[in-house]
Amino acid sequence: MKKAEQILTIITLPIDLLMVLASFVIAYYARANSIPLPVVYIWPFQQYFTLALMLLPVYAIAFAFAGLYGSQRNRMKEIGQIIAGASLGAMAVVLWVFINRSDFFSRIIVFYIWILSIVGVGLGRTIINFIKSNLYIFGVKKKKLALVGPSSQTIKHIIAQVRNRKNLGYDLVGLITDDDASDEKKLGKIADLPEIISNKKLDEVIVVDTALSNQKLFEIMQTCQEAGVVFKAVPAHAQVGARTLQFDAFAGIPIIEFMGTPLDSWGFALKRLIDIIGSSIALIILSPLIAIIAILIKIDSKGPVIYKNIRTGNKGEFKTLKFRTMFIDLCTGSEYGGSRAEEIEDKLIEEKNIKTGSAVYKIAEDPRVTKVGAFLRKTSLDELPQFVNVLIGNMSLVGPRPHQPKEVKNYSKEQRKLLLIKPGITGLAQISGRSDLTFDEEARLDIFYLENWSIWFDFYIMLKTFSTIIKGKGSY
């Protein structure tokens, strides 16, 4: 999804609430100026407006509960969700009236609010959808599209529609096919897909060839997801291993989008908001503990309090922040122990690695760890500085653990799904006894998390993390 589209998606909620607020204002004046209905008592507008503002979070929850902020794109379904959300909001108003026995809120004003909020939210979303469909008019670059499959009637139809319907917002780059006989521009063979995506900077790939095996289609899907490219296919390929399917229509043809994770633009925005709020609160509350730990590290051994280690996330390499738990000259990294520390670590991996045969390693009874460091690792307190990583956007509160680049190189194709989302301080693997799991088991749990993400899943994992830390389980 282009950045402009992401911005439009993210501002959908504020616009929805703005429309609800407008419906309250219009309903107020419609009721106050209604001649046939005598008004015994009219609230001052300021008092009424304050109440409307207080009810906006209730409407936000109501719309979310109705499913209005999911990844669906069906217009009729969206209208039904608007009606459901507005109805839940109106019920909240009725409940408030009943509890407070307000004279001003008659049935007619609640009816006005209900009708106007449906119309207003629907109008706001119509405008947003129109802008999304016509972004090219505003100078936004079109999405670069490639079709996979030999020349066929379906492909010819899609090509004609893309070229004739500019509002689809696509720039058709060409075909990817193993068939040499093609009327359209051929970008290369299916085996060349990674290079084609990189060289042509593709945004979206649609597989139209229904003769492809599920295995081949699965490989194409993984390649696209690793590159951050939207992957879609015609309905013949509904069972290829993707758990999150989005049914849609493209140029009048039924199509399926295979999503690596249910996290869409709205989901990413909500998750990021929670990360910012959560990490900020954590850093403020834990600041005395952080200061005490820093003093203990300084007393225990020479060197900096914070250890910076290169890890790989969904957007490439970054530096994770942790409390230093090892003697400074034995810490890996050019600014610490350098090549000598690397050699010592390689030797320890060879002699004491208890996770042999997997992409990652774990050194048992690591002799490089200081006394304070051993305690910090056991209690997971060494990871407290990673709240800074969360705050600046390298990491999330919940997600797969970030691994070193040399470990990521050993990921299997399936395990590379872990790079689809930001790494986290805690995750499903951590609360499931990380130290007792093989890396394959850990990866399967984290892949399950990203394929079944929800905000409630995040809250569940965060709550379970506290009990896991208290029991001393899952730490290295």
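If you go along the chain as it appears here, the first residue is 1 and each next one adds 1.
Heads up, the Cβ atoms here are built off N, Cα and C, so glycines get one too.
As recorded in TrEMBL, the features of this protein are as follows:
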type	residues	note
TRANSMEM	7-29	transmembrane segment
TRANSMEM	49-70	transmembrane segment
TRANSMEM	82-99	transmembrane segment
TRANSMEM	105-128	transmembrane segment
DOMAIN	271-470	domain 'Bacterial sugar transferase'
TRANSMEM	273-297	transmembrane segment
Beyond the flanks of the transmembrane segment (273-297) by 6 or more, those residues with Cβ under 8 Å of it: 305, 323-324, 370, 372-373, 376, 381, 384-385, 387-388, 390-391, 393, 396-397, 455, 458, 462
Sequence-remote partners of the transmembrane segment (82-99) [C-beta within less than 8 Å, at least six residues beyond its ends]: 20, 51, 55, 58-59, 62-63, 65-66, 68, 105, 110, 113-114, 117-118, 121-122, 125
For the transmembrane segment (105-128), sequence-distant contacts whose Cβ falls under 8 Å of one of its Cβ atoms, 6 or more beyond its ends: 8, 11-12, 15-16, 18-20, 22-24, 26-28, 30-31, 34, 37, 59, 63, 78-79, 82-83, 85-87, 89-90, 93-94, 96-97
Segment confidence, the domain 'Bacterial sugar transferase' (271-470), expressed as mean pLDDT: 86
